[in-house]
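> Below are the features listed in TrEMBL for this protein:
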ACT_SITE  51  active site, proton donor
ACT_SITE  184  active site
DISULFID  247-279  disulfide bond
ACT_SITE  293  active site, proton donor
ACT_SITE  318  active site
BINDING   404  Ca(2+) binding site
Ligand code: DMJ
């Protein structure tokens, strides 16, 4: 075909705010110059709308809010405009894939009956609200508010949101529900949309707490050994498996505890603490002290991967992310201890000449490296570790929310006439 490639520079853009926060000024300047000279969206590429939004749009927005450098704002808005044709569907639920030259979209061929994915179209909200805010163009916010409207018109099985929604018919695909892959950050963005609005977005708030209620009733279970976990739901049947991705939910429950209805604040903190403990166990029960991609609670095992293709670790952040939220919200020192165990394991098993690498089997005694350093290692894993060992006034939760790639976005305060005065 004549597709020439991809947007280049994911690692650089994903790392900008981490460099800034860590006060690595020389490296930040070098990265900024690369962005000025080389970051190019006029390419013939079919991209994932979700991945480009969370890594590139999110990375550029944070770099702008932290540094105040105009180039980042300009590039973020330019890229946002490139993504708009993805919303040209009968319902306005965007396509997963978009050719940013032709503007032609489509969905992943594997997704249930031509569906779009909940965690993909549901993870645009924070960035698009900021794009409207920074450009003065309401179109971005309108696109994501319409997604909510479509979701709120639909019946939800047992109050749960299936991972698949067809953008042409506006109907759910397969009734698979997950708080891990394919679902995860949709729930995160409901809560964070409310927080980022200075707690004015009542619709986001209601959708979040209603969803958590259904998740507790239908997906959260306790193992015989006393570990709380979040299962997957397939048309009413539970699969007793938890993905590494799902471990972010501990931090989410704790972050949302403060606003929980019916005196449930303590309960949501406790839920976060229990998920953190379970995910720590998934690390502790391996030989490398790094967690597998997925672990199970069936056939006599607890918090252990049983299938060879679920034993890898690709430098994912979710467990450390949950430690960071739990630390900030409880100051229980065990979260720093657990974070330090992860630091030591990363140094011991993932450090290689050119950087850090994923591991093929965390239960093995010697490492087989996959030779990939995911861009989220710099944006998320290292940033959350740094915040775990920093004071609470570095990017305080009252003023900042983190997008799902750990890019901080400022809370839009009610009384903000001109907003981006420094909140660092
Ligand atoms: C990141 O790109 C984001 O955190 C996303 O929400 C889920 N997957 C990766 C990290 O594991």
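Backbone N, Cα and C atoms are what each Cβ position is placed from, and that goes for glycine too.
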> Measuring Cα to Cα, how many Å separate residue 279 (disulfide bond) from residue 293 (active site, proton donor)?
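The Cα atom of residue 279 (disulfide bond) is 11 Å away from the Cα atom of residue 293 (active site, proton donor).
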> May I ask which of the recorded positions 51, 318, 404 is closest to residue 247 (disulfide bond) if we compare their C-alpha atoms?
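In terms of Cα distance, residue 247 (disulfide bond) lies closest to 318.
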> Go through the recorded positions 247, 279, 293, 404 and pull out the ones with a Cβ less than 6 angstroms from some atom of ligand 1.
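By the Cβ criterion, which requires under 6 Å to ligand 1, the hits are 404.
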> When DSSP is mapped onto helix/strand/coil, what comes out for residue 184 (active site)?
helix
> Cβ neighbours within 10 Å, counted over all protein chains: which one of the active-site residues 51, 318 has the most?
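That would be 318, with the highest Cβ count within 10 Å.
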> Name the residue among the active-site residues 184, 293 whose Cβ has the smallest number of other Cβ atoms within 10 Å.
293
> How long is the line from the C-alpha of residue 293 (active site, proton donor) to the C-alpha of residue 318 (active site), rounded to the nearest angstrom?
11
> Long-range same-chain neighbours of the residue listed as 'Ca(2+) binding site', Cβ under 8 Å, sequence gap at least 6?
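For the residue listed as 'Ca(2+) binding site', the qualifying residues are 54, 58, 123, 184, 185, 188, 189.
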> Cα-Cα separation of residue 318 (active site) and residue 51 (active site, proton donor), in Å?
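Residue 51 (active site, proton donor) has its Cα 17 Å from the Cα of residue 318 (active site).
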> Three-state secondary structure of residue 293 (active site, proton donor) from DSSP?
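Reduced to three states, the DSSP call for residue 293 (active site, proton donor) is coil.
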> Report, as a single number, how many Cβ atoms besides its own are within 10 Å of the Cβ of residue 247 (disulfide bond).
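Here the count is 31.
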> What's the number of neighbouring CB atoms sitting within 10 A of the CB on residue 279 (disulfide bond)?
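The answer is 29 other Cβ atoms.
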